[in-house]
Amino acid sequence: MSDSSSSSTSAFVSSLVFNFAIFCAFIGLFLCLRPREKHVYQPRCIIDTQPKEEKPEPSPSSPFGLFAYVVKRSETYLIQYAGVDGYFFIRYLFTFGALCILGCLVLFPILLPVNATNGVGEKGFDILSFSNVKNHNRFYAHVFLSWLFFGFTIFIIYRELRYYVIFRHAMQSSGLYNNLPSSSTMLLTELPNSVLNDEETLHELFPNASEFTCVRDLKKLEKKVKKRSDLGNKYESTLNSLINKSVKKHNKLVKKHKPLPSTLDYTAYVKKRPTHRLKFLIGKKVDTIDYCRDTIAELDEVVDKLQTSLEERKKVGSVFIRFRSQTDLQTAYQAFLYSKKFRKYRFGRALVGIAPEDIVWSNLDLSMYTRRGKKTISNTILTLMIIFWAFPVAVVGCISNVNYLIEKVHFLKFIDHMPPKLLGIITGILPSVALSILMSLVPPFIKFLGKFGGALTVQEIENYCQNWYYAFQVVQVFLVTTMTSAATSAVVQVIKEPASSMTLLASNLPKASNFYISYFLLQGLSIPGGALLQIVTLLLSKVLGRIFDNTPRKKWNRWNQLSAPSWGTVYPVYSLLVTIMICYSIIAPIIIGFAAVAFVLIYFAYSYNLIYVLGHNADAKGRNYPRALFQVFVGLYLAEVCLIGLFVLAKNWGATVLEAVFLGFTVACHLYFKYKFLPLMDAVPISAIESVSERPEIKYPMDLGTSEMKNVGRAYPEILEKLSSSSGSDEFLETSSRTSENTKEKIDKDDEGFAITNISSVHKMPSFVLSYFSDLAASNRILTGFDRVLQLLPSFYDIPVRVRNVQYVSPALKATPPSVWIPKDPLGLSTYAIEDARGKVDIFDDNTTFNEKGNLQYTGPPPDYDEAIRS
């Protein structure tokens, strides 16, 4: 059998050389291509569709200046250009990268000597792990250092949760968000029919509401609109293909000096008109152009009739409630959370801060029991997937320690004769790459099940994906791989001595860290390098795009629409790295060093991409961040339970009791944090809103608004009574603000803050790195940091946004007839197509042309392009 330590070393060397070579190649190509391929590497600086306030200035051309430039950006700069969601993800990477560096400084000087000296004689990296400790009294070093490191991790979680809540409240109170329609609109779901059909009840519950919009059954309309949209896309694609072929055929005839057609129509240069079948294989074959043109015209009439007969449609169990201001909305929302008045109606959920484009309209008509049933089905399917996905992942774990199996599994004997370098590739590179590929297949299916399970918004789908994908990662990438790696490394000894299986598994568990060293090398070198190079985007831009982008719309979309990160997929990958780092921080502390390097490089790659490359998706207001922070507790639990198990097997009862005590402390902190912070994520204290917009003398509450929100909610009946006797909203505002007086008195009068109007330039702000550590040192400012967060927000957050009337209705009700965009060709076919469809379908050839090579080009936006407007 090959020596396990040499295999471990060769696996590490192979992984390091391979991933470092990939990293250097990717970074070298990125630095060479970046100056001339700005559409790939700095699109946000140059595309016209990017809002002015979100266009960063070009990055430095110097490779060395680039790193310093990105790292020195201030928090305000990151919020403005990376967006709130991007800013919090960068903060997440920085927080745990800094924690890794701190862990190296604290744990390495103590644990590495404790593990390495006078041990049991392990070799390779195993000499630095828990498994090499011979004197069991040394385990107390592991216990107290786990208290120190895990305790500081819990403090960081508390600090960041508190910071997020303050940031969220400050952001919602800013002029920008305070005036958005989404900040004054509530979605109430699963209303009983008695309330749904009696608007008087809704008016009694929400007398300060300005508008009620009931959701109606629009399935028939939505089906017709989708069919019309699909036909419009098919019509546009067919006409573009026909015109492109005709122009190319014309150019060939001219080049060969052959006669040109005497008449101009669709078949002048193409032998047969395009056709398609109405059903796959067995459907009737129809002329594509005629069918699409005539059917779209017929559907226009049907859709228009259905859109104008909205009142005839049946009401379903959801209603949108519009309020005059965010203050009114938050008062009603806090009453929904805390007032007994609402409990007797058994409403479903109340959602605030959602824009019309965020809503999954097809799920608004689900009853409570239907939604629960569908969600149960989704959760069951995913649970079974986690179980059965373990088999291929277990194979990967076995491969990483295949050298231990050779002695008993005879058909693997040939591996023993492989060169060390090849064996290193098999045990080091292959498993980590295979595991990454396996896990990349999961997120799309989770999102599908999230939508099927009744998610109400795209943000909820992302949150659902974040939860389940993280569960997949922990179970498959960590637990299954760790257990199979540990079991594989001990399999020969277990076969010889079955009674000692638990002891052997415990002693071999730290050895599984060798696989995760390779995994961190992959995630920390190849992944950041690939993220910066963006090889897929580069290929699409330079090669594949020229082949597949055969319409003006596709070309315009390629160059003017930014791809956006899916936070429900991105966060779990790095939450897993945090989990692995925490779990092995005491057992095999050397892994923290690799984790630190990985987080630093990932931090730089994502900082650059979020500033210069990636766009913004649906505004989640950073909600994925606290979810990821709570998931860190999973790593803490696993680490502490694992240590307890190792201490029990070593029969060191003192260490066992001490670690069990800290486990209880961790559970208590977790429960307290959920109790303290979860109710504050969506609700905003009235005093926070008024302190910014209406009553600057009112201060932000010291307890983040917990007591104030409960007071407002419980006093809601009195507020309603006061409102019903008043002629306007002034008295209501006075009443609601009075509920925060007790909180106001608790505020430290000497709290140092900054006026949001003093922001002159984001470039004069201190860098994110300096700001982060100065905040960590100044704990008092963090505890009363509402004014400071207001100062961090970009200047355009101070300006109340003026938006046109935003309607909370299904997109099908606002759908307009398709606008077909075709290129203006020198033959006149586009003019012929426009005349052929006149009165039936709107066809445009504006802002398009053909170049001298016969390739179509766009010169402006599509005819139906409309600038994105915040809602």
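Including glycine, each Cβ sits where the backbone N, Cα and C put it.
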Feature phosphoserine, as given in Swiss-Prot - residue among Ser194, Ser229, Ser737: Ser737
Phosphoserine according to Swiss-Prot, picked from Ser7, Ser725: Ser725
Swiss-Prot annotation, phosphoserine - which of Ser241, Ser246, Ser729: Ser729
Residue from Ser61, Ser309, Ser727 to which Swiss-Prot assigns phosphoserine: Ser727
Spatial neighbours of the transmembrane segment (629-649) far in sequence, C-beta under 8 Å, 6+ residues away: 92, 130, 139, 142-143, 146, 150, 153-154, 157, 160-161, 164, 470, 474, 478-479, 502-503, 506-507, 509, 575, 578-587, 655-656, 659-660, 662-663, 666, 670, 673-674
Segment-segment contact (the transmembrane segment (11-31); the transmembrane segment (562-582)) at 3 or more Cβ pairs under 8 Å: no
Outside the transmembrane segment (520-540), six or more residues from its ends: residues with CB under 8 Å to it: 15-16, 19-20, 22-27, 29-30, 33, 37, 40-41, 429, 432-433, 436, 558, 563, 573, 577, 580, 591, 594-595, 597-599, 601-602, 604-606, 608-609, 613
